[in-house]
């Protein structure tokens, strides 16, 4: 019983490490900290003039992209990552998948880090399915019996998780930065005076002067919608460009196709000026923050393959089709 419990625990730790759960938690803590600061702390109390035209725009109650709409926007990349990677895995011929362990370049790079997984457990094909040969060992090894599909499946799950982590880290990182800066800067929104009129507040009243009302109206810089949109959609654009081999001299029309997520992010950002939610400088700053966090996330977790056409994880575990051996290593 104790051995079985220890085996389950080791298996759990293995999967937590394989699918980067600690990194997901780190990103969540960073973004959550910024969110809590923005929610509970009072922003910098910036003085203003009732005659300032830059903060005297009409308050629009219904914005083009409300805050809740950012959640499905962040899930758009996940849908494409899962769908495209599964199709690439399923329909690529044996030895032609860009992460197929039959590739000689992968074999070389995988072989030098064989201690990433303990050897021992062998998977066999039984009833048309791949399953563990027996015992309670949680170590993983794939014999030739299971074939290329099972080996690909093991790897593609890691690739998908890495891309999801890119978006998650990018969004959480920008959230922490943007929310902290919003509170520290306390810049007034273009519709600040309009908000006061809508709430029937006197701009010269003591509670307005002391910044005890209209907290949202003091969180203009930088634009959270802009940063979130670019943080979520820029990795998708980079991914689509890589899928189309644009970085290996592909035709320019593929660049246009691959950049549609950037165009969409730009639409979201510009809509904030149309809704009088942000100044142009707020949108520019937010967009830059979102793009920088996304570039950082991609560069930390991915690199170009040796052939220069694809972005592949910097660290991925491969299962070699040799009995009694398993390997993990850098991606090609």
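A Cβ is built for glycine as well, from the same backbone N, Cα and C atoms used for every other residue.
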Ranges in play 65-84, 85-104, with TrEMBL marking transmembrane segment at 65-84
Same chain, outside the transmembrane segment (65-84) by at least 6, Cβ under 8 Å from its Cβ: which residues? 160, 163-164, 167, 171, 225, 228-229, 232-233, 235-236, 239-240, 243, 261, 268, 271-272
As a test of reading the model: what is the averaged pLDDT for the domain 'Phosphatidic acid phosphatase type 2/haloperoxidase' (163-298)? 92
